[in-house]
Amino acid sequence: MSQVVNIKPHEKYYGVYIVELEDGSVKLATKNLVPGHRVYGERLYRWGGEEYREWNLYRSKLAGALANGLAEQPIREGHSILYLGVATGTTASHISDIVGPTGRIFSVEFAPRVMREFVLVADIRKNLYPILGDARKPKEYRHLVEMVDGIYADIAQPEQAAIVADNADYFLKDNGYLLLAIKARSIDVTKEPSEIYRREINTLKERGFEIIDVVHLEPYDKDHAMVYARYKRK
């Protein structure tokens, strides 16, 4: 296994690090909030008295978006995030590293079996707050979520943008950010992905979002795009 020759902060993305390896390869990483613990079998690196977790571009759509040049990484230390579709917590664990011990990630997942796996991650990472719930019904968990700085959404639903906007109306601060992974094939298998992206983006615009960037996630995820937007509360 190739050895580390340097780890340095990413020049563009807050809370993200570049790992340079002996074989010339370069990896993305986050500083491990819980040293010694892995979440999904990722490689751990030690450098300068700190531990870093490799951020797998093929396992995390946010990592893929960063690798493909997303305009900005808006998540900051201490932020509160609403995560819709947290699954087993791969991406959420890296966001957990970035927001740190003073941040909070309200993590909504619909599938009980998947949530059971996520709870094991949240037991170790105290800034993750598991919520077994349906992202289509934000009213049902409104008593569990505070106003948040940002929403991260990765939900396989036909009306992804509308669901996110409904949640934003409840929980997202004015000028709060959205990172939405659009899964074209989850919305309509009969239409071209570009048509789906355009439709979902138009929905976001109609609901008060200003689109800052849209990045396609190939080769890491086929027929996916990451939308980065800001919300203007009415």
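Each residue, glycine too, has its Cβ placed from N, Cα and C.
These features come from Swiss-Prot:
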BINDING   THR90, THR91, GLU109, PHE110, ASP134, ALA135, ASP154, ILE155, ALA156, GLN157  S-adenosyl-L-methionine binding site
Name the secondary structure element type, per DSSP in three states, that contains GLU109 (S-adenosyl-L-methionine binding site).
strand
Long-range same-chain neighbours of THR90 (S-adenosyl-L-methionine binding site), Cβ under 8 Å, sequence gap at least 6?
VAL39, TYR40, ASN56, ARG59, SER60
Count the Cβ atoms, other than its own, that fall within 10 Å of the Cβ of ASP134 (S-adenosyl-L-methionine binding site), considering every protein chain shown.
15
Neighbourhood of GLU109 (S-adenosyl-L-methionine binding site), C-beta criterion under 8 angstroms, separation at least six:
GLY85, VAL86, ALA87, MET115, PHE118, PRO130, ILE131, LEU132, GLY133
Take the Cβ of ALA156 (S-adenosyl-L-methionine binding site) and count every other Cβ within 10 Å, whichever protein chain it belongs to.
13
What is the total of other Cβ atoms whose distance to the Cβ of ASP154 (S-adenosyl-L-methionine binding site) is within 10 Å?
23
